[in-house]
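Report on the following structure.
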Amino acid sequence: MSTEILGITVLWLFLYGYVIVASIDFGAGFFAYYGKRTKKDHIINHIISRYLSPVWEVTNVFFVFFFVGLVGFFPDTAYYYGTALLVPGSIALILLAIRGSFYAFGNYGYKDNKLFLFLYGATGLLIPASLSMALTISEGGFIEIRGDQVVLLMKELFLSPYAWSVVFLAIVSVLFISASFLTYYADRANDIEAKQLIRKFALTWSGPTILASLFVFISLRAHNLRHFENAIDLWWMFALSFIFFVGAVYLIYKKKAYGTAFIFVMLQFFFAFFGYGASHLPYLLDPFITIYSGYTNETMGIALIIAFIAGLFLLIPSLFMLMRLFLFDAEYVKGRK
Amino acid sequence: MEFDSVFLSRMLTSLTLGFHIIFATIGVGVPVMISIAEYIGIKKNDPYYILLARRWARGFTITVAVGVVTGTSIGLQLSLLWPSFMKIAGQAISLPLFMETFAFFFEAIFLSIYLYTWDRFKKPIYHWLLSIPVVIGSSASAFFITTVNAFMNTPQGFELANGIITKLDPLKAMFNPATPTKTFHVLTSSYLTSAMILAAITAFAMIRGKRGVYEQKALKLTMVATLLFAAGTALAGDLSAKFLAKKQPEKLAAAEWHFETEKGADLILFGTLDKNTHNISNEIRIPKALSFLAGNSFETEVIGLDQIPKEEQPPLWIHYLFDLMVLIGFFTLFIAAVYLLLLKWKKGNPHNKPLLWAIVASGPLSMLAIEIGWIFAEVGRQPWILRGYMKVTNGATTANNVGSMLILFILLYIALATISSIVLNKMFKKKPAEVELNERYAHMISK
C-alpha cells in the first residue's frame with residue numbers, strides 16, 4: 001500500500017470514529033432537549049447525562065485529530081478548503097464552541113437550565129449539517145478559481161439538490177445512530193421506561209436514514225457521474241451496509257440483542273462510509289486535489305505514520321479503560337457509582 | 001474605514017489566541033496544583049488538602065471546557081485564516097501538531113476518568129495516580145504546540161524553493177534553536193500563573209473574613225508553589241534573553257531600544273522614545289546590564305537595530321511589553337518571598353490585609369503578564385510569519401468575509417467569558433468549603 005493510501009485510510013478511520021461518537025453525542029443532546037420539551041425528561045435525561053459526562057471532551061478530540069491530520073498529510077487541502085470554507089467553517093466552530101462550553105455550564109454549574117439545554121440540543125443538529133458541507137464541496141462544482149482567489153459558490157451550493165440530500169442524511173443518521181446506542185445503554189442500565197422511549201426513536205429514524213441514503217445516491221448521479229460510477233463498482237460494500245441495517249432494525253424491533261444491534265449499526269455506517277470514501281478517491285477535492293498531488297513530503301508522511309502508530313499504543317488502552325469504567329461497568333451505568 | 005484581509009486575519013487570530021491562552025495556561029498549570037494537593041492530602045491523611053484538590057478540580061471542569069472549544073477554534077482557524085502559510089508549514093510542522101493532539105487526547109481521557117472516579121477506588125492513591133497522565137498530557141501538549149511556535153521564530157530542517165519543501169528533517173524542525181527556551185518559559189510561567197491565581201482566590205476569601213484552616217493551608221501551598229515556579233520562570237526568562245541575543249537579535253534590540261551594535265550595552269527600563277531622532281528620555285539606565293543579560297559578561301557585544309534592514313525591524317513599542325512582563329514576574333517572586341518570610345518569622349503576620357491585597361492583585365497581573373509576554377513574542381517577529389521565509393502579508397487568506405467573522409467571534413468570546421465567570425462564581429458560593437468539609441470528611445476532622 002502506498003503511503004498516500006495509508007494516510008487517507010488512517011484519516012478516514014478517524015473521521016469514521018468521529019461520525020459514530022459525535023452522532024451519539026449530538027443525537028443525545030437533541031433527545032435530552034426533546035425530553036425536556038415533552039416533559040419526558042425524568043425518563044431519559046439521567047441516562048443521557050450519565051453517558052455523556054465522561055466522554056464529551058474525548059469526542060471533540062476525534063474531530064481535532066481529523067483536521068490536524070488532514071492538513072498534515074495533505075497540506076494542499078489547507079489552501080483550498082481553508083480559503084473556501086472560511087464562512088461555513090467559522091460558523092461550525094462557533095456552534096461547536098457553544099455546544100461544548102454550554103454542556104459544561106449546564107452540567108457542572110446550572111443544572112436543568114432550559115436555555116442551555118436548548119442551545120445544546122439545537123447545535124446538535126446544526127453542527128452535522130454545517131460539517132457535512134465540507135463533504136459536499138469535495139464533490140466539485142462548488143469552488144471556482146478567480147485569479148489567485150478560491151471562491152465558494154454559495155448560490156450553487158444553496159440550490160443544489162445534492163447538498164440538501166447530504167444535510168438531510170447527516171441529520172437523520174445522527175438521530176438513528178444515537179437512538180440505537182442509547183437503547184442499548186438504557187438496556188444495560190435495566191431502565192425499562194427509558195429503553196422503551198428511546199427504542200421508539202431508533203425505529204422512527206431508521207426509515208428516513210435509509211431513504212436519505214438513497215436520495216444521496218440519486219443526486220450524486222446527477223452531480224458527479226464519475227464518483228457515482230465508482231460507487232457502483234463498489235456495490236458490494238453498500239449491499240453489506242444495507243444488510244447490516246436490516247439486521248439492526250430487525251433486532252431492535254424484536255427487542256433483543258441491543259448490543260449486537262448497535263454493532264450492526266456501526267458496521268452499516270462503516271461500509272457505507274468506506275464505500276463512499278473509496279469511490280471518492282483519488283480526489284480529495286474534485287478536480288483540484290488528489291491524494292497524489294496534495295501529498296506532503298514523503299519524509300513527513302512517514303514520520304506522521306510512525307507517530308500515529310506510537311500514539312495508538314497509548315490511546316487504545318486508555319480508551320479501553322474509559323469504556324470499561326463508564327460504558328461497560330454495569331454498576332456505573334445503573335447509577336450506583 | 002476599510003481593512004484588508006491581512007489586518008483582519010491578524011486581529012481574529014490574536015483575539016482567539018489571546019482568549020485561548022487564558023484557559024490554556026490554567027489548563028496546563030492547575031492539574032499540577034491539583035495533583036500536588038491530592039498527594040499531600042493522601043500522604044498526610046489530611047482532608048483539607050484532599051478537599052482542596054477536589055474543589056479545584058471542580059472549577060477546572062469549566063475552564064477546561066472553554067479551553068477545549070477555543071483550542072479547537074484556533075486549530076481550525078490556522079487553516080481558515082492562513083491557508084498559504086499552512087500549505088507550506090503543514091509540510092514541515094505537522095508532526096508536532098499531530099503529537100499535540102495525541103497529548104490532548106491522552107489528557108482528555110484521563111481527565112474524564114479522574115473527575116468521575118473520586119470515590120471508586122479502595123486505595124485513594126490509585127485515584128491520585130490518574131492525575132499523573134493528566135499532568136503529563138497537558139504539559140506535553142503545551143510543549144508540542146510551543147515547538148510549532150518556536151519553529152516559526154527560528155525555522156530550520158528544510159529547504160524551500162517555489163513553495164515546495166525539500167530535504168525535510170521533521171525532528172530538526174521540531175527541535176529548533178528556539179524550542180528549549182520557549183517551552184521551558186511557557187511551562188514554568190503557566191505553572192506560576194495557575195498557582196498565583198489559586199492563591200489570589202484564597203487571599204480574596206480571607207479578606208472577606210474566611211480565615212479557617214482550609215484557607216490557611218491553601219494559601220501556604222499555593223504561595224510555596226508560586227515561589228518555586230517564579231524562580232523557574234525567572235531562570236527561563238534569562239535563558240530566553242540570551243537565546244534572543246544570539247539567534248533573534250532584532251527582537252531583543254527592538255525590545256531594549258538598542259540601536260547601535262556595541263559592547264557594554266546598557267539596559268533600559270521604561271522611558272519614552274522620540275520616534276524620529278531615536279532619543280530616549282525618562283528612562284532608568286543600568287550600565288552594561290544588557291550585555292550581561294545577553295551573554296553573562298559586561299563586555300558582550302549586543303547586535304543593534306543598525307544591523308537589521310529597516311523593513312525587517314519589529315515595531316519599537318514592544319519595549320513597554322517587555323518591561324511590564326519582567327516587572328510583573330519579579331513582583332510575584334517578591335510577594336511570595338515576603339509571605340513566606342512572615343510565615344517563618346514567629347512574630348510575623350502573613351495574613352495582613354495589604355499583603356493579602358497584593359496577592360489578590362498578582363493573580364490577574366500574572367495572567368496579564370502571560371498575555372503581554374505572548375504579544376511581545378509574536379509582535380517581536382513581525383513582519384515575518386515564518387522568520388526569513390514568509391512574511392505575514394503573504395500568508396493570509398484572500399477570502400472577503402473575515403470582518404464579519406471577527407465580529408461573530410468577538411460576540412462569542414464575550415458570551416463565554418461572562419457566562420463562565422458567573423457559573424464559576426456560583427459554583428463555589430453554593431457550597432462553601434467548610435460546609436463541604438463537614439459533609440464529606442466529618443469523620444476525619446473529629447479525630
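Including glycine, each Cβ sits where the backbone N, Cα and C put it.
Just so you know, TrEMBL annotations are computer predictions that nobody has curated.
If you look up TrEMBL, you'll see A:12-34, A:55-74, A:80-105, A:117-137, A:162-185, A:197-222, A:234-253, A:260-279, A:299-327 marked as transmembrane segment.
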Recorded stretch that, among A:80-105, A:117-137, A:234-253, A:299-327, has the most CB pairs under 8 Å to the transmembrane segment (A:55-74): A:299-327
Leading stretch by Cβ pairs under 8 Å, where the reference is the transmembrane segment (A:260-279) and the options are A:12-34, A:117-137, A:299-327: A:12-34
Paired segments the transmembrane segment (A:117-137) and the transmembrane segment (A:234-253) in contact, 3+ CB pairs under 8 A: no
Considering the transmembrane segment (A:162-185), which listed stretch of A:12-34, A:80-105, A:234-253 counts the most C-beta pairs under 8 Å: A:12-34
Long-range neighbours of the transmembrane segment (A:234-253), counting only residues six or more past its ends (CB under 8 A): 180, 183, 199, 202-203, 206, 209-210, 260-262, 264-265, 267-272, 274-275, 278-279
